[in-house]
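The domain 'LYK3/4/5 second LysM' annotation in TrEMBL covers 156-204. Look at TrEMBL and you will find 223-266, 341-384 tagged as domain 'LYK3/RLK10-like LysM'.
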Amino acid sequence: MFTTSQPDGFDAILNGMELAVTAEMSATLDRDFQAKEVDQALRQMAPLTTPGLDVSYVVLLNGQPMGNIKPSRGLKQAESKCSKGCDLALASYYVWPESNLTFIAQVLQSNLNIIPKTIVSYNKQTITNQDSVTDGVRVNVPFPCDCINGELLGHVFEYSVHSGDTYLTVAQKYYANLTTYQLLQKYNSYGPNNIPDTNAKLNVTVTCSCGNSSVSEDYGLFITYPLQPGDTVESIALATGFNVTLLRSYNQGVNFSQGSGVVYIPGKVKGCDLALASYYVCAETNLTFIAQVLQSNLNINPSTIVSYNKQTITNQDSVQDGVKARCSIPISVSKDYGLFITYPLRPEDTVESIASATNLSVALLQSYNPGVNFSQGSGVVYIPGKD
C-alpha cells in the first residue's frame with residue numbers, strides 16, 4: 001500500500017517511486033527503473049492468493065482510496081497464507097505405465113493409512129479391480145489438507161529416494177505432476193545435482209484447497225487436479241460434471257489449457273464416498289475400540305481417527321471422556337456437501353447448540369434434517385462436514 005498527496009494518479013506515484021527505488025539500488029543495477037518495472041515489482045510483492053479470492057491493489061490519496069488496480073490475468077497464482085487446514089482433500093493421480101495402486105498408496109501415504117482398498121473406495125466408477133488399473137485414468141486419493149508453516153494449504157509427503165532420482169522425475173513421474181520441481185527444491189536441503197542415491201527422504205509438498213465461502217458453501221471436499229496437455233476448461237467441466245463458470249470461480253485467472261500446474265475441483269460426486277460418524281467417547285472406551293467397531297474398507301486405525309479430530313485429540317493414547325470423535329465411514333448418498341457427519345443427539349442438544357458447535361447456521365442444519373426435532377435427545381442428524 002502506498003500513499004500520496006498528489007492527485008495526478010497512479011502513474012505519478014510510479015514515477016515518484018522510481019527515484020526512491022533507484023537511489024537504493026542503482027549502485028547494483030546501474031540503471032533506472034521504469035514505471036512498468038515498478039508496477040511489476042508491486043504485483044510480485046503482493047501476488048494473488050488462492051483461486052477464488054478477488055485481489056486489488058489499493059492506492060490512497062490523502063489516506064482515502066484513489067483507485068484499484070486489478071491483478072494482471074497473466075500473473076502466476078501463489079499459494080495463500082493460512083491459519084488452519086481442513087480434514088480432507090483429494091489428489092487426482094494420473095496413472096502412468098508400470099504404476100499400480102500399491103505404488104500410489106506408498107507415495108501418497110499419510111496418517112490416513114492409505115492402502116489400495118482405500119483408493120478403490122474413492123474410485124468405484126473407474127476402478128473395479130484393485131490389481132488392474134488402466135493407464136491414463138485419474139484416481140482420487142485422500143490426504144490431509146494442512147496449513148504448512150502458515151504459508152500454504154497442502155500436505156508434505158515423505159518419499160524414499162532411489163538411485164538416479166531427480167527432482168523432475170519425482171515431481172513429474174512418481175507424483176504425476178501433483179507437485180513441482182520448485183516445491184521440491186524449496187522444502188528440501190539437497191541441491192538438484194546432489195540428491196543422495198540411497199538412504200534419503202524427500203519432502204514432497206502437494207497443495208490443496210479448503211474451498212472459498214465467497215464462491216459457494218456447498219462443497220466441503222476439493223480435488224488437487226494436475227493439468228495435462230490437451231485439457232481445457234470445457235473438457236474438465238465435462239469430465240467432472242461441473243459447469244465452466246463454477247470451475248473458473250474457484251480458479252480465477254488460471255488458464256485451464258496451459259498443460260501444467262494444478263487447479264482445484266469441488267469434490268462433490270454422485271453417491272459420495274465418505275461420511276463421518278460422531279462417536280461420543282464414554283468411560284473405558286479408547287480409539288482402538290472405536291476403530292474396531294467402526295472398521296470398514298477404509299482401514300480405520302487410531303491415527304486415522306486423530307487426523308479427523310486434531311482440535312480435540314492430541315494424543316491417540318489418551319482421549320477425554322465426553323468428547324465427540326469423528327471417524328470416517330463409507331456412504332453412498334448424494335449430497336451437495338462433500339462430507340457429512342452422522343451426529344447422535346444427546347439430551348442437552350438443541351439446534352442452536354449444534355449450530356454453535358459446528359459453525360453452521362440453524363437454517364442450513366434444518367434444511368438437511370427436515371422435520372427433525374434437534375431437542376429430542378435421541379436419534380441422529382446429518383451435519384455438513386466442511387471444516
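Glycine too: its Cβ is placed from the backbone N, Cα and C atoms.
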Counting by DSSP, what is the helix, strand and coil composition of the domain 'LYK3/RLK10-like LysM' (223-266)?
15 helix, 9 strand, 20 coil
How do the residues of the domain 'LYK3/4/5 second LysM' (156-204) split into helix, strand and coil according to DSSP?
14 helix, 9 strand, 26 coil
Counting by DSSP secondary structure, give me helix, strand and coil numbers for the domain 'LYK3/RLK10-like LysM' (341-384).
15 helix, 9 strand, 20 coil
Give, as a single whole number between 0 and 100, the mean pLDDT over the domain 'LYK3/4/5 second LysM' (156-204).
95
